[in-house]
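Enquirer: Take a look at the following structure, please.
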Amino acid sequence: MATERIQSVSLGKTSSSDFQPLVIIQFSTSSKQAAIEWLVAKLQATRASGGAELEVSTVVMHHNQETLLYVGGTTERLLLGADMMDMEKKYGDGNYREFSIHDAHNFLGSEDLDSFLTMAEKQKIILHEIEAVRATEEDPHIPGYENIKLYPGKSIIKKYQSRNILTTVFPIHDDEYLKKLGAEWYQMKHAFKQQPIDRIQYYFGDKIALYFAFLGFYTIALLPPAMIGIIYFVTSWESMYREAIFSVFNLIWATLFLEAWKRYNAELSFRWGTTDIVSSKFEEPRANFYGKIGRNVVTGKPEPVYPKWKRVARFYGVTVPVVAFWLVVAFYVMLGYFYLQALADKKYENDKSWFNMGVLYLPTAIYAIIIGVVNTIYRSVAKKLNDWENHRLQSSYDNHFIIKLILFDFVNCFISLFYVAFYLQDMTLLRSHLAALLITQQVIGQIKEAMVPFIFMRRRKRQVDELLKKTSTVEKVEYYNNEVDDGLQKQVNLETTMDEYEGTLDDYLEMFLQFGYVFLFSSAFPLAAVWALLNNVTEIRSDAFKMCKVFRRPFAETASNIGAWQLAFELISVMAVITNCALIGMNPEVKKLLPTDITPVNTVLIFVLVEHIILAVKFAVAYFIPDTPKWVQVELARVAFKSKQALHKERLDASTAKRLKVQQMMSKDMAKQTSF
């Protein structure tokens with residue numbers, strides 16, 4: 001039986017043939033041996049004594065004196081971690097349920113417990129256990145670093161990272177699977193084929209798979225507005241209704257796209273078993289969360305406790321003023337751009353030479369570059385603020401960080417467009433400025449995301465060839481008497497030279513800004529969707545190439561949707577109704593349709609009414625399209641019914657067993673009385 005197989009797995013030392021390294025911890029060359037040995041001891045110590053109860057093998061490379069920890073876990077330890085993390089696995093009835101060791105034999109694939117968990121799931125469990133090792137009252141400082149103080153409740157591995165004692169923690173790639181995935185994902189012969197989303201989810205996890213699913217879905221959704229934009233560009237049809245028709249179509253289409261995505265998202269979540277969202281009251285605190293050790297009022301588990309009023313005070317007392325300051329900086333950068341543009345325009349008017357024509361577009365290019373530079377600086381500030389606020393949950397931390405970035409990037413990237421559209425009221429300038437910003441940022445993005453990684457990959461190959469020649473000088477120091485395969489060591493040497501994947505935040509932000517460029521001022525620049533479509537077709541494959549060839553493997557993360565980004569895209573689509581109605585209302589041809597004696601106030605009221613009608617249609621479309629497909633609703637109801645039936649059966653069996661036990665006891669008592 002499966003349960004017997006679990007009980008037969010020993011938590012003690014294993015032979016070298018049983019050790020499967022899954023995660024690498026890389027130390028800096030200056031790390032002190034005492035700190036390394038202390039961390040190894042913590043990782044190997046039992047859970048009862050505050051350790052992670054994992055298997056560790058140490059490799060010291062002579063050519064650069066870097067120390068690597070190869071971390072793995074026994075089958076029983078990993079299954080226990082899956083149980084403690086409430087990991088969803090497919091049950092015997094084909095539905096996903098929270099894994100339980102005591103019920104392991106009823107889960108699909110439990111006949112081979114060593115391969116029951118996927119490699120990504122095992123690595124996720126190991127990371128969770130590593131981060132869960134926290135300092136106690138008996139750990140005043142890191143050994144070898146008396147000046148680096150520890151306090152109860154702080155994640156030890158995060159402290160090591162923040163003080164640069166270790167450089168990175170990353171999961172090992174599965175080379176064979178990655179080659180097959182890359183062959184059908186980023187190669188150009190598959191450029192117009194559907195992405196292997198399920199295989200991406202299996203290898204990289206739900207969060208990254210949802211990003212690529214959204215990017216692909218959004219790219220396909222750009223086809224209709226792009227086709228109409230091309231038709232508008234090649235035809236000579238001029239009419240006051242031209243921009244109005246295109247704008248209304250785009251606004252309704254954006255709503256249909258977002259609603260259709262939610263339905264597709266629901267299908268993916270059901271297929272991957274991530275539909276059920278764990279309540280924040282049960283969610284464990286993030287590893288970087290700090291505070292005095294207390295207990296969770298719901299679960300009763302010990303965890304750091306931090307007063308909410310302190311977090312609120314930090315947010316309103318420091319974060320809000322700092323963010324406001326940077327928004328003012330973005331505003332003045334925009335004014336500086338228009339000052340330079342005015343000088344360039346004046347220079348071109350005085351001398352219409354080819355050189356001055358180039359100067360004419362120089363301020364816009366400079367402004368696009370400055371936007372990127374200021375965004376980078378602000379991002380660093382926003383991250384420090386977010387860390388300082390000390391959010392308990394990872395979801396809360398991510399959402400606050402997203403809000404900070406969206407707010408600033410929206411102002412930084414779009415304030416100049418609003419200035420041109422509604423202050424200067426120059427539609428020609430708006431069209432050229434929008435085109436310049438969109439195209440410039442996409443060209444810079446493609447160079448940074450596609451060409452630069454490709455160049456670095458070629459350079460890295462030459463470096464790795466030299467590095468592999470030195471692997472014969474590798475010295476192994478075995479704490480667990482485990483032997484690391486030479487081939488695996490060569491692979492890990494290569495992966496240590498790869499870039500770290502920073503997550504989907506930048507990718508979503510890029511799409512968010514592009515979505516704004518396409519739909520906020522669609523009546524001014526119909527070709528925006530065409531440029532966005534061309535960019536995204538390349539973006540999908542370049543991002544896929546980087547995931548497979550450039551970046552280290554990221555840890556898999558569970559997600560049921562795209563989180564706060566869904567709301568961000570929906571807010572942009574609502575704002576697009578307001579901006580496009582205002583642009584159409586300012587059109588002189590449209591104003592001619594109104595009575596000559598109409599007051600400005602009544603004119604505004606008319607267009608506000610039109611805007612509200614379009615918004616009403618938009619919200620009606622969103623309301624009448626269910627977020628979850630009917631078949632998913634039926635399947636979810638069926639799963640809930642089966643779970644309820646199983647619970648009733650369990651209670652009935654327990655009640656029957658209890659009744660039989662009582663009857664047996666009564667029979668024994670009657671037999672005793674009869675004997676007397």
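A Cβ is built for glycine as well, from the same backbone N, Cα and C atoms used for every other residue.
Curation does not apply to TrEMBL; its annotations are automatic.
OK, TrEMBL features for this one:
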| type | residues | note |
| --- | --- | --- |
| DOMAIN | 200-638 | domain 'Anoctamin transmembrane' |
| TRANSMEM | 208-234 | transmembrane segment |
| TRANSMEM | 240-261 | transmembrane segment |
| TRANSMEM | 315-340 | transmembrane segment |
| TRANSMEM | 360-381 | transmembrane segment |
| TRANSMEM | 401-422 | transmembrane segment |
| TRANSMEM | 515-534 | transmembrane segment |
| TRANSMEM | 562-583 | transmembrane segment |
| TRANSMEM | 604-625 | transmembrane segment |
Enquirer: Taking contact to mean 3 or more CB pairs closer than 8 A (sequence separation of 6 or more), are the transmembrane segment (208-234) and the transmembrane segment (604-625) in contact?
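Expert: The transmembrane segment (604-625) and the transmembrane segment (208-234): touching, no.
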Enquirer: Other than its close neighbours in sequence, what residues sit by the transmembrane segment (360-381), given a CB gap under 8 Å and a spacing of at least six beyond its ends?
Expert: 322, 326, 329-330, 333-334, 337, 340-341, 344-345, 347-348, 405, 408-409, 412-413, 416, 433, 436-437, 440-441, 444
Enquirer: Are there residues at least 6 beyond the ends of the transmembrane segment (515-534) whose Cβ is under 8 Å from a Cβ of it, and what are they?
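Expert: For the transmembrane segment (515-534), the sequence-distant neighbours (Cβ-Cβ under 8 Å, at least 6 residues beyond its ends) are 218-219, 222-223, 225-226, 228-230, 232-233, 243-244, 246-247, 250-251, 254, 410, 413-414, 417, 421, 427, 430-431, 434-435, 437-439, 442, 569, 572-573, 575-576, 579-580, 583-584.
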Enquirer: Which range wins on Cβ pairs under 8 Å with the transmembrane segment (562-583): 240-261, 315-340, 401-422, 604-625?
Expert: 240-261
Enquirer: Same-chain Cβ contacts of the transmembrane segment (240-261) under 8 Å, 6 or more residues past its ends?
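Expert: Residues packing against the transmembrane segment (240-261) from afar: 214, 217-218, 221, 224-225, 228-229, 232, 518-519, 522-524, 526, 529, 566, 569-570, 573, 576-577, 580-581, 583-584, 587, 589-590, 592-593, 614, 617-618, 621-622, 625, 627.
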